[in-house]
């Protein structure tokens, strides 16, 4: 289990992980690491939340929110934001399914992708600022949001097909079973309930699950399946939806 955690941490983040900690784990077995996604999200959110807490007293909530979101982006290397941008460029191109997938592979940033990045990043900053002004616990909120968003991404992997012939997303999409999905969602729910008691966190997770499930069905109908880019988009949108649900 420890090898899986370190392998997943180095796979979906840019945090430094010694190679020997995950050595010997075959890439084809990475799908088993889905159950570590909520824990990795918890770690990322906690670090981002700590940055917010340290900076809030010095420069106020808006700037603290800006830097906490920036730290979150840096820790993931913009991996999920890139998926969001590519997904929006493809889906909103109003082309054929094959052409959409080609556009999503293009490394150039299009208008729709750029607008999506601006909207999501700005929305996160504004929502975090508002939550802070309302006296909500930002560290707990961010940790729960990142854990839940990565946990609910399993909804786009379970019983979905991969829309392309090959790619990184193929490691997870269609490769996880019902037990892994339930464990992943269960861990995310536990983190949300513990960090944000009074059913506040669980209610926000339910809203997030519904949103991500609907997103998955829409993408399935549009693209014929899921890709690594759509998983990244789901994680980014999941974070935002969860935080919005806390308002």
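Cβ coordinates are placed from backbone N, Cα and C, and glycine is handled just like the others.
The feature transmembrane segment is assigned by Swiss-Prot to 34-54 (among others). Long-range contacts of the transmembrane segment (34-54) within its own chain (CB-CB distance under 8 A, at least 6 residues past either end) are made by residues 1, 4-5, 8-9, 12-13, 64-65, 67-69, 71-72, 75-76, 128, 132, 138-151, 153-154, 157, 172, 176, 180-181, 183-184, 187-188, 191.
Sequence-distant contacts of the transmembrane segment (59-79), counting only residues of its own chain at least 6 positions beyond either end whose CB sits under 8 Å from a CB of the stretch, comprise 12-15, 44-45, 47-49, 51-53, 121, 124-126, 128-129, 132-133, 138, 142, 146, 232. Under the heading transmembrane segment, Swiss-Prot lists 59-79 (among others), citing sequence analysis as support.
The transmembrane segment annotation in Swiss-Prot covers 113-133 (among others) and is backed by sequence analysis. Same-chain residues lying 6 or more positions outside the transmembrane segment (113-133) and placing a CB less than 8 Å from one of its CB atoms are 52, 56, 61-62, 64-66, 68-69, 73, 81, 84-89, 141-142, 236-237, 239-240, 243-244, 246-247.
Residues annotated as transmembrane segment in Swiss-Prot, with sequence analysis given as evidence: 138-158 (among others).
Sequence-distant contacts of the transmembrane segment (194-214), counting only residues of its own chain at least 6 positions beyond either end whose CB sits under 8 Å from a CB of the stretch, comprise 137, 140-141, 143-144, 148-149, 152-153, 155-156, 185, 188, 234, 237-238, 241-242, 245-246. Annotated transmembrane segment per Swiss-Prot: 194-214 (among others), in sequence order, evidence recorded as sequence analysis.
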Distant-in-sequence neighbours of the transmembrane segment (138-158), which means Cβ under 8 A and at least six residues beyond its ends: 12, 34, 37-42, 44-46, 48-50, 52-53, 56, 68, 72, 128, 131-132, 172-178, 180-181, 184-185, 187-189, 191-192, 195-196, 201, 204-205, 208-209, 212-213, 215-216, 219, 226, 230-231, 234-239, 242-243, 246
